[in-house]
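J.: Encoded as structure tokens, here's the structure I'll be asking about.
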Amino acid sequence: MKLADLILQTVPSLPTLLPDHLKTWTPGKTPLSTTPVVLSVMVGYLTLIFSIRAWMNATGRPPYVLNTLFRAHNIILSVGSGLLLVLMAEEIGPVVLKRGLRGAICDPEAWTPRMEFYYIINYFIKYYELIDTVFLALKRKPLAFLHVFHHAATALLCFNQLNGRTSVSWTVITLNLFVHVIMYYYYYGTAGGRRFWWKQHVTTLQISQFIIDLCIVYYATFQLFSHRLHDRYNFLPATRDCAGTENAAIFGCGLLSSYLFLFIQFFIATYLNKSKAKKAAGKAAANGHHHANGVANGTAKTNGHVANGNGVAKSGL
């Protein structure tokens, strides 16, 4: 039995309990569906997190210990992402089988009523994910540009794609949900004291996600513009159209491209540069030992010098 059918069987009144503006994207009626409201929330988000950081710094307040809440928050997002991923796969699978991958990416029929409802749920989840940053601020963790930008911009991306009705949306969202199942489980586990050997691979997975995203989204965008520019100006080869607005296509391509650049930059700074620094520190420590052994035996000054050298090397690691 499909998960969607199981949910409806368990809660048969669910379709009637939900108002139409929560099941169908209706600007002005669906919550968070107008530009002024969305921008106001983003300004509020940025104001809140940086105000918390300023207050913590000004008062010297020690970090809040919020492990239980933080773990609950992350397991909710991990499990929730998994459930939504299954629901979307159930809905888009028959479309792929019937119309092929190209049809599932570009045909307007791929934007089904149920898929639209799932897109709305995913959009609301993006606002819940903003709490990630509130936790960072309260725990006195750095508010990295990548984190803040990615969280705020992804909510804007989902808003933009709902307005643009881009059929390709499911490819980006399902990949993102898959990554989030793993990523939020990682945060849940580490908050409980677990250490995972595959930490670096989470970032690698995110980068791979954006590469796949861009291959698909660039293809869909080329199809869209090639078809429409050919019709208007007989420019570019004629292709089948791809559903969605031109604004949504450009915004999606631009933002996803920036994500790929920023995550690669993060990977280099976090793993490659640190690995080089680690090797350099180890080499320096080894040279320090040779120097200590090469100088006269048994002086207090020499022993003290070696200890300090080891301390620097250890902190460098």
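Glycine is treated like the rest: Cβ placed from N, Cα and C.
Pulled from TrEMBL, these are the listed features:
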- 37-56: transmembrane segment (TRANSMEM)
- 68-89: transmembrane segment (TRANSMEM)
- 145-162: transmembrane segment (TRANSMEM)
- 168-189: transmembrane segment (TRANSMEM)
- 210-229: transmembrane segment (TRANSMEM)
- 249-272: transmembrane segment (TRANSMEM)
- 297-317: region 'Disordered' (REGION)
J.: To the transmembrane segment (168-189), which of 37-56, 68-89, 210-229, 249-272 is linked by the most Cβ pairs under 8 Å?
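T.: Selected stretch: 68-89, with the most Cβ pairs under 8 Å.
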J.: Which one, 37-56, 68-89, 210-229, has the most C-beta pairs under 8 Å toward the transmembrane segment (145-162)?
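T.: It is 37-56, which has the most Cβ pairs under 8 Å.
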J.: By a Cβ-Cβ criterion of under 8 Å, what residues six or more beyond either terminus of the transmembrane segment (249-272) are in contact with it?
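T.: For the transmembrane segment (249-272), the list is 145-146, 149-150, 153, 156-157, 160-161, 164, 166, 168, 172, 200, 203-204, 206-207, 210-211, 213-214, 217-218, 220-221, 224-225, 242.
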